[in-house]
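What follows is a set of notes on a single structure, which appears directly below.
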Amino acid sequence: AELSGRAESECSCRQIQIDWHKMSPISGTKSCRAFSLALICLHVALTSARLSTASEMSSAADEDSASDSVGRVVSELRVKHHYHSAKKCWQGNLSRLSLSQRTRCARQFLRYSNHWLRVWDHREDLASFRYETDISEKNRQLLKRAKAGLEKFSSRLTLFALKFKKFKMKLSRREARMMKLLQGKQVFKSNRNLLRYNQVQSRIMQDYNQAVGCYAPGKCLDSGEDNVENFFRTKKDYDQLRYLWKSWRDATGAKFRNAFVERAQLLNESVWPSGFRDYAYFDYFTAFEDPKFPETVVSLYNQFKPLYEQLHAYLRHRLHQKYPGKFAANGLLPGHLGDDPWGSQYTKWHNEFVPFPAAESIDFDGILKDRERRGLLTVPQLPHVADEFYRSLGLPKMTDTFWRKSVFLKPKDHKMNCHGTAFDMHSASRDDFRIKMCTRMDMSSFSTVHHEMGHIMYFMLYSHQPVIFRRGANGGFHEAIGDTITLSVLTPKHFKAIKFIQHTNDTSESLVNNLFTQALANVMFLPYALVADLWKWRYFGGQVPKEQLNQDWWQIRSRFGGIGPPVTRSEADTDALSKFHLAIDVSYIRYFVSFLLKFQFYKALCQEAGHLGSLATCDFYRSTAAGDKLRRTLRLGRSKPWPDALQQLTGRRDISADALMEYFQPLNNWLKDYNAKNGVPVGWTVPANPMQSASN
């Protein structure tokens, strides 16, 4: 009776019954209660004998497996019964099958793929979350094994999927898209190559997470990227920042050069079986379905380049005034003066360089810290503030599992990767979604938690899709969703709506001040996000020899961003690899795309919410009309080509910088006027040796 009650409380008997009869060849009706008892008995037997994958999963995370055990056993019994009762036709000779037989075979293969990809994804997700929230050698090994298992299984699926490529089949458009996506994946034909790839990845990740940066001789920070970023974000000592800039690269990028070169060869070889000429083409084509994507993103850069040049000129001018004689007034901006060691954002200079100092500007950090000081807001409450925003749009609330298993505070007894990340755990119950981040009471964390919850909302809304479609419409959609929400919440209008402030100052001067803050985070970031993957693609595609890796990095970093190194560099340094995403080969161009898409999304949702006035003042909080439009798009996942999803949300099928330029138009007008009146030089020249120091 106890087991039966547990079964009925932890899973829906009705849903099990429906699913069972849908997937299984067995006909007739069964007692829900008897069936639940049978499943529990089978689960106990399998667990005791340690023959099920439940026991295997418990080695990675006992509590995670226990919560998902009933749903997983139901799913596995159902699929195992179905596939063990029939020959796996795709393992045979497809040419001997008739058209109708091949079509049935392909459909069976797609069902098989979707089921087992979810199982392997779930295993990898558990191990990844465990390692990221508790960095240890044991958890690193668990993650290494889980990744190897997923990649090996995925390679096998792709090889089988490629067998269907030369045959005709009568698949639906949806089924044909699933097959195409399966065929466009990496294939490690050799177990030796796969093993070596995972060893390289695991070692880089371990070394990166344990790297230490120093800001003066003998004065070092605790290990971890977050401590280095925090120093850059809060300090302004020119020489200390320059010392830490070099120290962090000595501890990371300089050590990863040989591993990067070896991994590049392994990755190039892994995409040849799928018909891709190199990993660069594979990387951008599978994410954006555009064979000329590098040219596309450079064209997008040219659309906002006039705004970037004006902002770069003003920032360089003001920094040159602060640090006289440290660098040329018309040259490259030294890359150590931003909010991070990569010179990608500059929000810490807002208060000091604000266009209208006398005008009232909203101090988001100050407001949050003041509420904390007065006991009106605590750090653990910030995720609930974000959840309330999404619920105000009529979107689903976060699941109980989300609140129980997410990690929002930095642990005191073990190391954790504090980089904010959202996880779709691919659980059978479809309710396990998590965030891990080290939350603080500041604007950065307030923004991050809203952003990461955007990922979670996307996960939740497309969770009904087959696993193959449980992805963003393209590589930039996922990042853009949370960023769109961030644009809405980081407005004076929203802070008033949630009663964090009593009134707003809606003058044109205060608007320009607020746009200046947003530009330091968004516009200054775009060139870095562009060159990060351009540099990688140029090497993978054979355009740059390995002997010129660092020179090429600074060549395109200075060309597109007007940023140079604060100390002279050499080919041994490989500075690009000082960034986590580039070190472990996580796509970064998605951030470039997302930073443009979010302004398109934002404009569309603001129009749906009936906003009037400057685009930059919009807050679509509590607009269920905007929420409905967003929901319809997010539910698609990757089931349709991304231009279809983009058109559904924005009314146009192409990525554009038009909405970004409209958003920042008041600031752009002011910058052009200021720079012209004060004789501020606009633009920069790339030096013959881009690795020479931009600092005196």
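From the backbone N, Cα and C atoms, a Cβ is placed for every residue, glycine too.
Disulfide pairing as given by TrEMBL: among Cys438, Cys606, Cys418 connects to Cys438.
Cross-referencing Cys220, Cys618 with TrEMBL gives Cys618 as the cysteine bonded to Cys606, criterion being a recorded disulfide. Comparing Cα positions, Arg590 (chloride binding site) lies closest to Glu479 out of the recorded positions His451, His455, Glu479, His581.
Of the listed recorded positions His581, Arg590, the Cβ environment within 10 Å is emptiest of other Cβ atoms at His581. Neighbour density for His451 (Zn(2+) 1 binding site): within 10 A of its CB lie 24 other CB atoms from the protein chains shown. For the Zn(2+) 1 site, the Cβ centre of His451, His455, Glu479 serves as reference, and the other residues of the chain with Cβ at most 8 Å from it are Ala422, Glu452, Gly454, His478, Ala480, Ile481, Gly482, Asp483, Ser594.
For His455 (Zn(2+) 1 binding site), the same-chain residues 6+ apart in sequence whose C-beta sits under 8 angstroms from its C-beta are Ala422, His478, Ile481, Gly482. The separation of Glu479 (Zn(2+) 1 binding site) from His581 (active site, proton donor 2), Cα to Cα, is 14 Å.
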